[in-house]
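Feature list (source: TrEMBL):
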- 6-129: domain 'Arf-GAP' (DOMAIN)
- 132-233: domain 'PH' (DOMAIN)
- 255-360: domain 'PH' (DOMAIN)
Amino acid sequence: MAGGNERIMKALKEVWRRAENSLCADCGKPDPDWASSTLGVFICLSCSGIHRNIPSISKVKSLKMDHWDDAQVQFLAKHGNAVTKAMYEAHIPIYYYQPTYNDCHVLREQWIRAKYERREFTEPGKQLPYSDGVKEGILWKRGRDSGQFLPRKFLLSEREGCLKYFTKQDAKEPKINVKIDVINATFQPVKIGNPNGLQITYLKDNKTRNIFVYHESGKEVVDWFNAIRSVQFHYLKVAFPIASDNEIKNRLTRNFLKEGYMEKTGPKQREAFKKRWFTLDHRRLLYFKDPLDAFAKGEVFVGSRENGYSVQKGLPSGTQGNFSWHYGLTIVTPDREYLFTCETETDQLDWITAFTGVINQAMTPQEYASRCLDAVSFPS
């Protein structure tokens, strides 16, 4: 019996060691140590928990702690991540967001359910709930002044190239009407305080505006997210006909590079430092008094090193403003220096890394144009 178990474990390890199985089949996390005995995929611990919630589709077992029999190991050997992904991911729309292990739970769960439970990507040309160019429904939106989440009707239209929302179901005119090409959407469950929380950001008069929404259904809110990406993709295909699909895909919704609290001082660098919430959205550094503010109090463009931008650890000697946090950093631009302090050294180094990544990238022609249009605001 012991010899049989050793043989089975040896065969299991051989399949497990295949290069195709070195990353989680669902989120790409390295070194997965769980597998589905019914789907034949190798997955990480976090994704295994999602699989466990769809037992009619997937039975998961630990590769280290659970017993595997001959038939199960042979099934894994016959399938594995490459074969199974080729089946369940055969026809993913290019605009569909495929989450990684860094993404929130609702995105990963709905990706897994879309693949294996709803089998959304197994057939070419399948009609999907986010692919027909129009979506209408209720989302719970946070009031700008009250802070309460109230149901609001939203309408997304590819034909009109916009996203609208209405304060009442029977309202004739929308409260807002936003062009699809200035919209970003990113999941923010912690900030919003809801596991299905979505932040919709758009530019108005070249200033950033935030809308915070959620839906009780994880599927519905992820469908909204991918519907926005679908409409954006088709809009940009028309606007930029010679651009490749991958180039357009890279211009769809994006996650913020970093968010968190820092202290800042004003342009004279003699004022007291004030605690603010900062968002680094590629080359826009925005700050807010509260993380759920609708409007940024100010923002600054972060350009490239070749255009005179840099980030430095610490504050200039002789800085006079009072500050309570002691891990400083300085953003140098052609116009002025911006001074910040962080609560911990880890925060300081993380922000420096994020800024360095942006500054080391060459600016695109669109970013040059954006820089010329920006009325940079950074009051105290």
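For all residues, glycine too, the Cβ spot is worked out from N, Cα and C.
DSSP assignment over the domain 'PH' (132-233) gives 23 helix, 47 strand, 32 coil.
Computed over the domain 'Arf-GAP' (6-129), the whole-number mean pLDDT of the model equals 95.
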